[in-house]
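Straight out of TrEMBL:
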DOMAIN    41-154  domain 'Plastocyanin-like'
DOMAIN    167-318  domain 'Plastocyanin-like'
DOMAIN    434-561  domain 'Plastocyanin-like'
Amino acid sequence: NMDSPHFPSFASFRVLLFGFWVIALFPEFVLSITRHYTFNVEYLNVTRLCHTRNILSVNGKFPGPRLVAREGDRVLVKVVNHVSNNVTIHWHGIRQITSGWADGPAYVTQCPIQTNQSYTYNFTIVGQRGTLLWHAHISWLRATIYGPIIILPKHNESYPFQKPYKEIPILFGEWFNVDPEAIISQALQNGGGPDVSDAYTINGFPGPLYNCSSKDTYTLKVKPGKTYLLRLINAALNEELFFSIANHTLTVVEADARYTKPFDTDTLLIAPGQTTNVLLKTKPYFPNASYQMAARPYFTGRGTFDNSTTAGILLYKQPLHHSSLKNLTLLKPTLPPINATNFVANFTGKFRSLANAKFPVNVPQKVDRNFFFTVGLGTSPCPKNTTCQGPSNNTKFAASVNNISFALPSSVSIMQAYYSGQTNMVFKTDFPATPLNPFNYTGTPPNNTMVTNDTKLVVLKFNTSVEVVLQDTNILGAESHPLHLHGYDFFIVGQGFGNYDPNNDPAKFNLVDPVERNTAGVPAGGWIAIRFKADNPGVWFMHCHLDLHTSWGLRMAWLVLDGPGPNQKLQPPPSDLPKC
């Protein structure tokens with residue numbers, strides 16, 4: 001019987017064939033799918049440097065699991081909190097078009113997820129492909145709660161560079177022998193500089209240059225004559241890192257999930273929150289050596305820092321007839337000096353957008369609103385009858401943007417207050433567009449270095465073209481500050497040392513192929529100029545990605561109002577949005 005359920009009818013065959021024909025002719029029909037993930041935040045015993053700690057992890061993995069999706073996919077991540085800490089997760093670099101409720105910074109777009117509660121982050125990946133990262137976004141929990149985001153191109157798209165033989169995520173992290181939460185809470189209490197980390201890590205392993213660590217070394221095994229794509233991610237808490245592989249040149253092809261014009265380098269600088277995709281071409285023959293890959297900090301400030309080096313091994317897979325690995329010479333890379341600011345300026349200056357017909361750049365050519373923000377350190381008064389360990393005994397360390405040390409609310413999130421019309425109870429909208437007390441920013445610091453504590457935002461109308469000049473200050477030492485803007489990628493149109501000159505510097509801006517990033521270093525004793533179009537409604541956090549400086553108050557937020565169109569409005573909050 002032709003109509004029994006076991007035999008498809010001729011009509012349904014026709015539909016089936018038509019379906020295949022549609023997919024063959026219009027492959028975009030099958031491009032976007034919904035991907036479901038569950039992230040269980042749970043305790044995990046991890047031993048490094050002979051210290052065992054009960055760390056916070058996702059799904060019992062350290063570093064955490066990969067989140068893999070394609071451009072255009074919708075992603076649902078159910079985060080379940082099984083630990084005693086409040087937690088949130090930020091999908092660093094995901095644009096979150098109209099889905100700001102899924103962005104993740106605690107008390108900015110959501111209250112944190114409390115113990116035994118869950119929240120489903122729901123977002124669609126629009127117009128992005130490449131490497132990003134996810135990490136906790138409350139206090140210092142991202143020290144161990146982090147992992148890669150890998151966004152593959154659409155099905156019928158290819159990379160604008162040679163197809164790699166293999167792709168390998170390499171995450172840099174920072175290991176503490178004690179709980180980082182205890183470190184930052186003590187530092188905020190006594191106002192002093194915090195204890196520093198005990199090691200840097202490559203994919204969770206400190207490597208052989210630390211005591212009691214030789215077995216905890218990351219080894220990357222490769223074959224000769226192949227091209228590997230390394231997805232480099234700096235998930236360290238407080239340090240920018242130099243990275244190099246002995247006797248190998250790397251080709252940079254992407255930064256922060258934006259394709260770049262390829263360029264070769266032996267050494268990279270990568271700031272916390274930044275990602276860089278590089279091509280590694282292996283040697284055409286089996287070499288009689290193994291190669292160390294190493295990362296160590298770039299630091300220009302005055303405080304203490306973890307001055308150590310994490311190392312892994314690049315090992316060529318041995319042909320069977322070769323002698324044992326024991327006789328291989330280990331070659332080591334040379335990394336720049338700790339404070340190699342000129343190398344850094346030269347290196348960051350090499351990044352250019354691909355800017356071709358397929359991947360055009362839309363740099364705002366005219367600017368509607370100009371902002372000039374100083375970023376740097378400062379001081380706050382010590383509470384009465386206590387002794388503080390700040391720059392002087394009656395002060396605490398602080399950090400600010402335009403001398404405002406940003407205070408987060410604790411009983412509501414800023415975006416919930418805005419959405420429900422309770423703005424004036426929670427935040428003010430008069431964040432200064434320029435410093436209220438100008439001074440010679442990179443010259444002799446002013447006598448008064450006290451900051452103001454407040455919760456102020458900048459309000460932007462939908463589609464405003466914005467230019468921000470971020471100027472480092474010399475207060476308590478010039479220092480490089482990797483600034484991260486949530487909800488946007490911005491164009492870095494200019495950078496320089498000394499004080500920004502509004503009369504002469506704009507003439508040198510690159511408005512043709514500037515690099516587009518979500519995190520960019522404000523040079524030590526210098527400035528960068530960034531532009532973006534405010535086309536994503538919501539409340540968007542902007543902060544230094546050195547967590548110590550964020551904790552001290554080097555953070556602010558932009559409120560972008562809804563546009564007129566149906567797809568230009570912040571979506572209503574999801575029903576499971578956590579309560580404070």
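Every residue gets a Cβ built from N, Cα and C, even glycine.
I'm curious about the neighbourhood of these features; can you describe it?
The helix, strand and coil residue counts that DSSP assigns across the domain 'Plastocyanin-like' (41-154) are 6 helix, 58 strand, 50 coil.
The average pLDDT computed for the domain 'Plastocyanin-like' (167-318) is 97.
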According to DSSP, how is the domain 'Plastocyanin-like' (434-561) divided among helix, strand and coil residues?
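Reading the DSSP string over the domain 'Plastocyanin-like' (434-561) gives 10 helix, 60 strand, 58 coil.
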